[in-house]
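Let me begin by presenting the structure, written as C-alpha coordinates, before commenting on it.
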(Lines of atoms letter the chains of each structure in order from A and count residues from 1; the text may use other names and numbers.)
(Lines give C-alpha, C1' and ligand atoms only; values in the text may rest on other atoms or scores of the structure.)
Protein backbone atom coordinates (compact mmCIF):
# COMPACT_ATOMS: atom_id res chain seq x y z
CA UNK A 1 0.00 0.00 0.00
CA UNK A 2 2.79 2.38 0.93
CA UNK A 3 4.63 1.66 -2.35
CA UNK A 4 1.43 2.33 -4.32
CA UNK A 5 0.84 5.55 -2.41
CA UNK A 6 4.42 6.63 -3.05
CA UNK A 7 4.12 5.94 -6.79
CA UNK A 8 0.78 7.76 -6.97
CA UNK A 9 2.24 10.75 -5.13
CA UNK A 10 5.21 10.93 -7.52
CA UNK A 11 2.90 10.74 -10.56
CA UNK A 12 0.61 13.47 -9.24
CA UNK A 13 3.64 15.58 -8.39
CA UNK A 14 4.96 15.25 -11.95
CA UNK A 15 1.57 16.18 -13.43
CA UNK A 16 1.34 19.29 -11.23
CA UNK A 17 4.92 20.29 -12.03
CA UNK A 18 4.32 19.84 -15.75
CA UNK A 19 1.07 21.78 -15.62
CA UNK A 20 2.70 24.66 -13.73
CA UNK A 21 5.84 24.78 -15.88
CA UNK A 22 3.92 24.64 -19.16
CA UNK A 23 1.37 27.22 -18.05
CA UNK A 24 3.85 29.76 -16.68
CA UNK A 25 6.16 29.40 -19.69
CA UNK A 26 3.22 29.95 -22.03
CA UNK A 27 1.86 33.03 -20.23
CA UNK A 28 5.25 34.77 -20.14
CA UNK A 29 6.05 34.01 -23.76
CA UNK A 30 2.62 34.81 -25.23
CA UNK A 31 2.36 38.15 -23.42
CA UNK A 32 5.80 39.12 -24.71
CA UNK A 33 4.91 38.47 -28.37
CA UNK A 34 1.28 39.69 -28.15
CA UNK A 35 1.89 42.85 -30.26
CA UNK A 36 3.38 40.78 -33.09
CA UNK A 37 0.49 38.34 -32.82
CA UNK A 38 -2.08 41.10 -33.17
CA UNK A 39 -0.34 42.59 -36.21
CA UNK A 40 -0.24 39.13 -37.75
CA UNK A 41 -4.01 38.69 -37.27
CA UNK A 42 -4.85 42.15 -38.64
CA UNK A 43 -2.72 41.62 -41.76
CA UNK A 44 -4.05 38.11 -42.22
CA UNK A 45 -7.71 39.17 -42.10
CA UNK A 46 -7.70 42.61 -43.72
CA UNK A 47 -8.31 41.49 -47.30
CA UNK A 48 -11.35 39.28 -46.90
CA UNK A 49 -14.89 40.35 -47.86
CA UNK A 50 -16.91 41.48 -44.88
CA UNK A 51 -20.55 42.18 -44.25
CA UNK A 52 -20.03 43.22 -40.65
CA UNK A 53 -18.88 46.56 -39.29
CA UNK A 54 -17.06 44.69 -36.57
CA UNK A 55 -14.41 43.59 -39.02
CA UNK A 56 -13.98 46.83 -40.95
CA UNK A 57 -10.59 47.30 -39.32
CA UNK A 58 -9.36 44.59 -41.65
CA UNK A 59 -10.48 46.59 -44.72
CA UNK A 60 -7.97 49.42 -44.07
CA UNK A 61 -5.22 48.04 -46.26
CA UNK A 62 -2.05 48.08 -44.22
CA UNK A 63 1.11 48.13 -46.29
CA UNK A 64 3.08 45.80 -44.08
CA UNK A 65 4.25 45.04 -40.56
CA UNK A 66 5.80 48.46 -39.84
CA UNK A 67 2.81 50.38 -41.25
CA UNK A 68 0.40 48.21 -39.26
CA UNK A 69 2.33 48.75 -36.01
CA UNK A 70 2.52 52.51 -36.59
CA UNK A 71 -1.16 52.99 -37.46
CA UNK A 72 -2.49 50.77 -34.69
CA UNK A 73 -0.48 52.75 -32.14
CA UNK A 74 -1.55 56.09 -33.65
CA UNK A 75 -5.25 55.24 -34.07
CA UNK A 76 -5.90 53.01 -31.05
CA UNK A 77 -2.98 53.60 -28.70
CA UNK A 78 -0.02 51.44 -27.73
CA UNK A 79 -2.15 49.38 -25.31
CA UNK A 80 -4.23 48.21 -28.28
CA UNK A 81 -1.30 46.02 -29.34
CA UNK A 82 -2.23 43.76 -26.39
CA UNK A 83 -5.95 43.72 -27.25
CA UNK A 84 -7.15 40.13 -27.07
CA UNK A 85 -4.17 39.09 -24.94
CA UNK A 86 -6.42 38.40 -21.94
CA UNK A 87 -8.18 35.66 -23.92
CA UNK A 88 -4.78 34.42 -25.09
CA UNK A 89 -3.44 34.19 -21.54
CA UNK A 90 -6.60 32.54 -20.21
CA UNK A 91 -6.35 30.01 -23.03
CA UNK A 92 -2.57 29.71 -22.89
CA UNK A 93 -2.17 28.28 -19.40
CA UNK A 94 -4.51 25.28 -19.81
CA UNK A 95 -3.63 24.97 -23.51
CA UNK A 96 0.04 24.25 -22.92
CA UNK A 97 -0.74 21.98 -19.99
CA UNK A 98 -3.38 20.03 -21.93
CA UNK A 99 -1.30 19.78 -25.11
CA UNK A 100 1.71 18.43 -23.28
CA UNK A 101 -0.36 16.13 -21.07
CA UNK A 102 -2.36 14.72 -24.00
CA UNK A 103 0.82 14.41 -26.06
CA UNK A 104 2.35 12.15 -23.40
CA UNK A 105 -0.93 10.23 -23.12
CA UNK A 106 -1.16 9.58 -26.87
CA UNK A 107 2.56 8.83 -27.16
CA UNK A 108 2.03 6.01 -24.67
CA UNK A 109 -0.76 4.68 -26.91
CA UNK A 110 0.86 5.10 -30.33
CA UNK A 111 4.46 4.35 -29.37
CA UNK A 112 4.16 1.82 -26.56
CA UNK A 113 7.56 0.14 -26.39
CA UNK A 114 8.80 1.56 -29.71
CA UNK A 115 12.03 3.51 -29.33
CA UNK A 116 14.09 5.67 -31.67
CA UNK A 117 17.07 3.32 -31.89
CA UNK A 118 15.10 0.20 -32.75
CA UNK A 119 12.39 1.55 -35.08
CA UNK A 120 13.09 5.19 -36.05
CA UNK A 121 10.38 5.38 -38.76
CA UNK A 122 7.64 4.01 -36.51
CA UNK A 123 8.91 6.27 -33.71
CA UNK A 124 8.57 9.35 -35.95
CA UNK A 125 5.11 8.27 -37.14
CA UNK A 126 3.98 7.68 -33.56
CA UNK A 127 5.15 11.16 -32.54
CA UNK A 128 3.33 12.67 -35.51
CA UNK A 129 0.07 10.90 -34.65
CA UNK A 130 0.38 11.71 -30.94
CA UNK A 131 0.94 15.41 -31.69
CA UNK A 132 -2.09 15.63 -33.99
CA UNK A 133 -4.37 13.76 -31.59
CA UNK A 134 -3.21 15.88 -28.62
CA UNK A 135 -3.84 19.13 -30.48
CA UNK A 136 -7.31 18.03 -31.60
CA UNK A 137 -8.32 16.91 -28.10
CA UNK A 138 -7.12 20.13 -26.47
CA UNK A 139 -8.88 22.24 -29.12
CA UNK A 140 -12.28 20.79 -28.19
CA UNK A 141 -11.90 22.35 -24.74
CA UNK A 142 -10.22 25.61 -25.73
CA UNK A 143 -11.70 26.68 -29.08
CA UNK A 144 -14.05 29.41 -27.71
CA UNK A 145 -11.05 31.19 -26.17
CA UNK A 146 -9.16 31.14 -29.48
CA UNK A 147 -12.32 32.39 -31.17
CA UNK A 148 -12.60 35.31 -28.70
CA UNK A 149 -8.92 36.20 -29.13
CA UNK A 150 -9.34 36.44 -32.91
CA UNK A 151 -12.48 38.58 -32.70
CA UNK A 152 -10.99 40.95 -30.12
CA UNK A 153 -7.69 41.31 -31.99
CA UNK A 154 -9.37 42.67 -35.14
CA UNK A 155 -12.40 44.28 -33.49
CA UNK A 156 -13.29 47.78 -34.73
CA UNK A 157 -16.35 49.62 -36.07
CA UNK A 158 -16.73 52.10 -38.89
CA UNK A 159 -17.00 54.89 -36.33
CA UNK A 160 -13.58 53.96 -34.99
CA UNK A 161 -14.92 52.34 -31.84
CA UNK A 162 -15.09 48.72 -30.83
CA UNK A 163 -17.97 46.28 -30.84
CA UNK A 164 -16.76 44.20 -27.91
CA UNK A 165 -15.77 45.61 -24.52
CA UNK A 166 -13.76 42.54 -23.60
CA UNK A 167 -13.65 38.75 -23.64
CA UNK A 168 -16.80 38.17 -21.55
CA UNK A 169 -18.76 40.73 -23.58
CA UNK A 170 -17.59 39.04 -26.79
CA UNK A 171 -18.85 35.67 -25.53
CA UNK A 172 -22.22 37.07 -24.42
CA UNK A 173 -22.78 39.08 -27.62
CA UNK A 174 -22.07 36.17 -29.96
CA UNK A 175 -24.12 33.81 -27.80
CA UNK A 176 -27.07 36.22 -27.84
CA UNK A 177 -27.06 36.52 -31.65
CA UNK A 178 -26.17 32.96 -32.67
CA UNK A 179 -26.31 30.80 -29.58
CA UNK A 180 -23.48 28.66 -28.22
CA UNK A 181 -22.83 27.25 -31.71
CA UNK A 182 -21.70 30.72 -32.77
CA UNK A 183 -18.69 30.37 -30.48
CA UNK A 184 -17.64 27.34 -32.54
CA UNK A 185 -17.86 29.06 -35.93
CA UNK A 186 -15.01 27.72 -38.07
CA UNK A 187 -14.34 24.82 -35.70
CA UNK A 188 -13.96 22.18 -38.44
CA UNK A 189 -11.36 24.28 -40.27
CA UNK A 190 -9.56 24.90 -36.97
CA UNK A 191 -9.62 21.18 -36.20
CA UNK A 192 -7.98 20.41 -39.54
CA UNK A 193 -5.36 23.10 -38.98
CA UNK A 194 -4.61 22.07 -35.40
CA UNK A 195 -4.27 18.38 -36.17
CA UNK A 196 -1.87 18.98 -39.06
CA UNK A 197 0.16 21.74 -37.38
CA UNK A 198 0.55 19.87 -34.08
CA UNK A 199 1.35 16.65 -35.90
CA UNK A 200 4.12 18.32 -37.92
CA UNK A 201 5.42 20.30 -34.94
CA UNK A 202 5.56 17.54 -32.34
CA UNK A 203 6.44 14.92 -34.95
CA UNK A 204 9.59 16.82 -35.92
CA UNK A 205 10.46 18.09 -32.43
CA UNK A 206 10.07 14.88 -30.44
CA UNK A 207 11.84 12.80 -33.09
CA UNK A 208 14.69 15.31 -33.50
CA UNK A 209 15.03 15.60 -29.73
CA UNK A 210 15.32 11.82 -29.37
CA UNK A 211 17.86 11.70 -32.20
CA UNK A 212 19.93 14.51 -30.69
CA UNK A 213 19.87 12.94 -27.23
CA UNK A 214 21.02 9.66 -28.80
CA UNK A 215 23.86 11.41 -30.65
CA UNK A 216 25.02 13.19 -27.52
CA UNK A 217 24.31 10.19 -25.29
CA UNK A 218 22.55 12.60 -22.93
CA UNK A 219 19.31 12.33 -20.98
CA UNK A 220 18.67 16.11 -20.95
CA UNK A 221 19.38 18.68 -23.66
CA UNK A 222 20.45 22.26 -23.02
CA UNK A 223 18.01 25.19 -23.16
CA UNK A 224 19.63 26.51 -26.35
CA UNK A 225 19.48 23.15 -28.10
CA UNK A 226 15.84 22.59 -27.10
CA UNK A 227 15.01 26.07 -28.40
CA UNK A 228 16.82 25.51 -31.73
CA UNK A 229 15.04 22.20 -32.30
CA UNK A 230 11.67 23.69 -31.35
CA UNK A 231 12.27 26.76 -33.54
CA UNK A 232 13.05 24.60 -36.58
CA UNK A 233 9.96 22.48 -35.92
CA UNK A 234 7.60 25.42 -35.48
CA UNK A 235 8.85 27.20 -38.63
CA UNK A 236 8.30 24.05 -40.71
CA UNK A 237 4.84 23.67 -39.22
CA UNK A 238 3.87 27.31 -39.79
CA UNK A 239 4.98 27.33 -43.44
CA UNK A 240 3.05 24.16 -44.22
CA UNK A 241 -0.10 25.08 -42.29
CA UNK A 242 -0.42 28.88 -42.61
CA UNK A 243 -3.01 28.81 -45.46
CA UNK A 244 -5.20 26.58 -43.29
CA UNK A 245 -4.87 29.12 -40.47
CA UNK A 246 -6.02 31.92 -42.79
CA UNK A 247 -9.12 29.95 -43.78
CA UNK A 248 -10.09 29.15 -40.20
CA UNK A 249 -9.65 32.79 -39.12
CA UNK A 250 -11.86 33.98 -41.98
CA UNK A 251 -14.58 31.56 -40.92
CA UNK A 252 -14.30 32.72 -37.29
CA UNK A 253 -14.88 36.32 -38.37
CA UNK A 254 -18.29 35.43 -39.84
CA UNK A 255 -19.85 34.66 -36.48
CA UNK A 256 -22.51 37.23 -35.67
CA UNK A 257 -22.97 38.27 -39.31
CA UNK A 258 -26.43 37.92 -40.81
CA UNK A 259 -24.98 37.20 -44.25
CA UNK A 260 -22.10 34.75 -44.47
CA UNK A 261 -19.33 35.26 -47.02
CA UNK A 262 -18.33 31.59 -46.91
CA UNK A 263 -20.54 28.52 -46.65
CA UNK A 264 -17.77 26.27 -45.31
CA UNK A 265 -14.02 25.76 -45.39
CA UNK A 266 -14.00 24.43 -48.98
CA UNK A 267 -16.01 27.45 -50.15
CA UNK A 268 -13.60 29.72 -48.29
CA UNK A 269 -10.56 28.13 -49.95
CA UNK A 270 -12.21 28.42 -53.37
CA UNK A 271 -13.25 32.08 -53.02
CA UNK A 272 -9.91 33.23 -51.63
CA UNK A 273 -7.99 31.57 -54.47
CA UNK A 274 -10.44 32.84 -57.11
CA UNK A 275 -10.96 36.42 -55.89
CA UNK A 276 -7.71 37.24 -54.10
CA UNK A 277 -5.13 34.81 -55.38
CA UNK A 278 -2.93 32.30 -53.60
CA UNK A 279 -0.84 35.09 -52.05
CA UNK A 280 -3.82 36.07 -49.87
CA UNK A 281 -3.51 32.76 -48.04
CA UNK A 282 -0.10 33.94 -46.80
CA UNK A 283 -1.12 37.45 -45.69
CA UNK A 284 0.68 38.14 -42.42
CA UNK A 285 2.97 35.13 -42.85
CA UNK A 286 6.11 37.20 -42.19
CA UNK A 287 4.84 38.52 -38.85
CA UNK A 288 3.67 34.99 -38.08
CA UNK A 289 7.23 33.75 -38.60
CA UNK A 290 8.41 36.36 -36.08
CA UNK A 291 5.82 35.36 -33.48
CA UNK A 292 6.42 31.65 -34.08
CA UNK A 293 9.41 31.92 -31.81
CA UNK A 294 6.91 32.01 -28.93
CA UNK A 295 5.91 28.40 -29.57
CA UNK A 296 9.56 27.35 -29.61
CA UNK A 297 10.35 29.39 -26.52
CA UNK A 298 7.44 27.84 -24.60
CA UNK A 299 8.89 24.35 -25.06
CA UNK A 300 12.43 25.47 -24.27
CA UNK A 301 11.30 27.29 -21.12
CA UNK A 302 9.08 24.34 -20.19
CA UNK A 303 11.93 21.84 -20.27
CA UNK A 304 14.14 24.27 -18.36
CA UNK A 305 11.53 25.04 -15.67
CA UNK A 306 10.63 21.40 -15.15
CA UNK A 307 14.17 20.88 -13.81
CA UNK A 308 13.63 23.31 -10.95
CA UNK A 309 9.94 23.05 -10.00
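Cβ atoms here come from the backbone N, Cα and C positions, even for glycine.
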### Message
Tell me which of 54-76, 77-99, 100-122, 123-145 corresponds to the transmembrane segment entry in TrEMBL.
### Response
123-145
### Query
What is the number of residues in the repeat 'Solcar' (221-309) that are helix, strand and coil, as DSSP sees it?
66 helix, 0 strand, 23 coil
### Query
When the pLDDT values for the repeat 'Solcar' (13-109) are averaged, what is the result?
75
### Message
Just to be sure I understand, if DSSP states are collapsed into helix, strand and coil, how many residues of the repeat 'Solcar' (122-211) fall in each?
### Response
74 helix, 1 strand, 15 coil
